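Annotation source TrEMBL lists domain 'ABC3 transporter permease C-terminal' at A:251-369, A:641-760. Annotation source TrEMBL lists domain 'MacB-like periplasmic core' at A:416-615. TrEMBL lists A:245-273, A:293-314, A:342-364, A:417-436, A:636-661, A:682-708, A:728-751 with the feature transmembrane segment.
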Amino acid sequence: MSAVWSASRALLRRRKVQTAVIGLVVLCSTTTVLLALTLLSAATAPFERAFGEQRGAHVVAAFDRARASDAQLARTAGRPGVQAAAGPYLQAAVDIPEQWMWVPSGLLTIVGRSHPAGAVDRVRLLEGRWATKPGEIVVNWPVQGSPGPDKLGTKLTVRGAPALTVVGFATSMSKSAGAWVAPEQMAALHPSSVQMLYRFTESATDRQIRDGLAEATAGLPKGSLTTTQSYLTLKRAFSAMADSYLPFLTVFGVLGLLVSALIVGHVVSGVIVSGHRQIGVFKALGFTPNQVVAVYLAMVSVPAVAGCVAGTLLGDALSRPILRDAFSGIETGSAAIGVSPWVYAVCLLGMPALVALAALVPALRAHRLSAARAISAGDAPRTGRGLRVQRVLGGTRLPRAVSLGLGQPFARPGRTLMTLAAIVLGVTTVTLATGLTSTMVAFGRHGQGNGAAWVNVEAGRPGLDQRAPKLSDRQIEARLRSLPGADLVTARALTRVRLAGYTQTAFANFYRGDTRMYDSEIVKGHWPRGRGEAAASPAFLNQHGLAVGDRITLYLNGRQTRVTVVGELIEGNPQALESTWQTLAGLAPGWRAIEYTVELADGADAKAYARAVKASDPGLYVLPGASTNTTTATVVSFSVVFTVLLTFVAALGVFNTVLLNTRERRRDLGMLRSIGMTPRQVTVMTVVSVAGLGAVGGLLGIPLGIAVHRVLVDHVAVVAFPESMKDVWHVPQLAALALAGVVIAVLGALLPARSAARLTIAKVLHNE
Amino acid sequence: MNHDPGSSQQVVVRLDGVHKEYGDAKALDGMSLEIHAGDAVAVMGPSGCGKSTLLNMVAGLDRPTSGTVEVRGQDLGTLNETGLALFRRRHIGMVFQFFNLIEDLPALDNVALAAQLTGTSARQARRRALELLDELGVADRKDTYPAALSGGERQRVAVARALMNRPALLLADEPTGALDSRSGEQVMDLLIDLNQIGQTLLLVTHDPRLATRCASRLIEVADGRVARESTLEPTA
Ligand SMILES: Nc1ncnc2c1ncn2[C@@H]1O[C@H](COP(=O)(O)OP(=O)(O)O)[C@@H](O)[C@H]1O
Ligand SMILES: [Mg+2]
């Protein structure tokens, strides 16, 4: 064992508090950084890998068969900028009247392809085989895993087409079709479009994609290109949920890193300042300046590495549920959601490196320190700065213990600034977390309107081994309304529709009844009221490049209708559009509702109501009311954990400062005690020395926290928080937050202050 | 000890016109002197006359403003900080008035640390440290931290640490200044014994008794200069 290691081990063993502080701080920040990096890597890498493996299409385009010939389309593959192309494939949209397997009712895009391979969009077969002759169909499975082989053989019957039997399940990262059949089958499905799949040499931005497509289709007759779908849209949809977590995790990650660097620097510089004489002795013994630095770096590296490893393990454990949540309900296709190894590598190597860097700055002071002076002067020399302040304060009418305490921060301005920074960060975190929690709680409550209980009722589906209801759609609604306890009732139909200009189909919900129960879901505009009005989530509007006021054409059932976006929801499904029953009537008269929502009157018992529903028609199924939003729960628990941790860490920073101050001032304290200062006065003096910092830290940290909160809530792409949820600050709450700095400071100071007060004078003098 | 008495004419320390200024204050003002192997030199003088500064120069802990310091033929001015550290660990042992033990290490490890610096294994270093503590009569305190040792015990541990690497030169800055008279006597006897077996000794003291008992030469310093030099008859 080398001398350096011996010396740093001794420092470690005798500085358990400082060691624990460094270990804890590194643990906390490694955990956050790992979570943020995990999400960052999962948001893009898995999509890109799976998309690359399938040689996914940068653009899926559909052309009007009547305007462009197959020969003309085939020639587009040779246009400049086109790296590879597949097609032309005939494409048809068939109407599915009822949900079929997991395919919702509405339009299903079917493409005729003789094989899944090719230069573009190598569709991955999950079960069974490819369709080779008429009567066979391969269905797209959009989510993780596979449906299993037992659904093979299922039959699909569509009006005006022969029956089709499922022979395979496949997945396309390009989402080029809902299902595929052999080309010979297509004629019977009356195709009106032709599909082309393109890969371009330049494909990084929306603009490059647009330009590439324009170049490829330049020679075609006007109006022949009907719909396009860019892979960038799919990529954004893939990471939409992960992206919504990222701002939170990034802010907490950055805060964690800052606090880590700060506290480590603070602790090491404290150890060095209080060990001035010791450094002189090391040098007198023959330690080289580099060896002295190494002693302190080695001392820090032990808790840093331990904290980093523990933090990586903890972060890894926490990342699993968060990833599950971030990708639940997202059509991930064949992309494997997981964490890239580089994330662990960055954490395990980067965090200790950062800590070493933070420790190096104060450790270099030990490098430069003159041994002769350290040995003879003993403790670090006092600057004159604090003394003037002390004289001025001494002339005031404050109790002497208080004025002495107030003067202490000026004696060591560097240490005071570090302590202040720790408190500011602590208060910023507390403020931010308080704000986030208020916002998220308000957000979690918005779906429940005025707080009344509510119940969802589904009509039984015989296809899912449920009993069909005896009552008709309208009768069910009337019955639900008449049962005791019901206040408001709405009915909802769900279908898949095609939107003019977009290849991918969308879900559409159509509502009737007392839809004012949804008014609180709207952040901008209003809930759709009559025929031709629609609303959508911010994610839907983003991904489709739409805004409130825009118009869009829906196709269903061979009919079409134009709707105006009249409202933006606070949040919701990125693939769904909300509209009215009148709109549905124009597209598909006679459709049934699949779900009814009942808001109960004040005080009504949801369980009793559910029993009454079941008794009135066994074909009705009551769903448990939606539990709290998982995003809300995750963000709230995350911010609570971080508030606690960072407050604790900030208090540890103060603790360390006071510990150092009292160690350094032992002789003064002994002297003050010997001239008659009581232990209580020593405690007061010591606590006051940092309480002032706490107050200043509070005043600086609150506006900072409010600003960060505002930036965060404005940048969650999938949720558009209304102003009422963003403006969560009240005077009493702010006053309480202002106290947070003082509380952090006093908490950190109390313990060392009391132990300083209990020092026996004799012992102090013996050691000097 | 491995010093050859035959080499007693060898110059171990040579100071030539050494000045040291701290801002306006002159700590050393043209000091010149020579110390030979096997010498026991006592340095005396009023407080603030530059005695500790002189020792720091010889140990390479501080650099002169002008003039040269040579130890065992090596001009310390030509060494950088690292070079000085390597020189110190091989050739110099230091004892201070206030002991300057590493508060975080127990007595044994304080002593062993000096040997570990020269690459000795921890086990061997501890074994030799224990021998030394035993010779100095504090072996039973080996696991005690400095804060719990008495002043005399601390100074004996400090002497053991200074001797660990068999230094050519032992520097002691008022080694009995913080001790009661009985402990002071013991440390004094220790230094006499060491010199008798050939250890070269440079000793700063206020105490004429210590000077006359331990030293063969006396250097009196005033205002950063050698004021008087005399040879002492050992009285022990
Ligand atoms: N590191 C230092 N900075 C400034 N002045 C110093 C320093 N070390 C010593 N001095 C001054 O140099 C002079 C000699 O000091 P020193 O050698 O310690 O005297 P002593 O003979 O008492 O050991 C004194 O006036 C002292 O104040
Ligand atoms: Mg002195």
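Just so it is clear, glycine is given a Cβ too, placed from its N, Cα and C backbone atoms.
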Averaged pLDDT, computed only over the residues in the domain 'ABC3 transporter permease C-terminal' (A:251-369): 83
When counting Cβ pairs under 8 Å to the transmembrane segment (A:636-661), the leader among A:245-273, A:342-364, A:682-708: A:245-273
Leading contact stretch, A:245-273, A:417-436, A:682-708 vs the transmembrane segment (A:342-364) - CB distance under 8 Å: A:245-273
DSSP helix/strand/coil residue counts for the domain 'ABC3 transporter permease C-terminal' (A:641-760): 101 helix, 1 strand, 18 coil
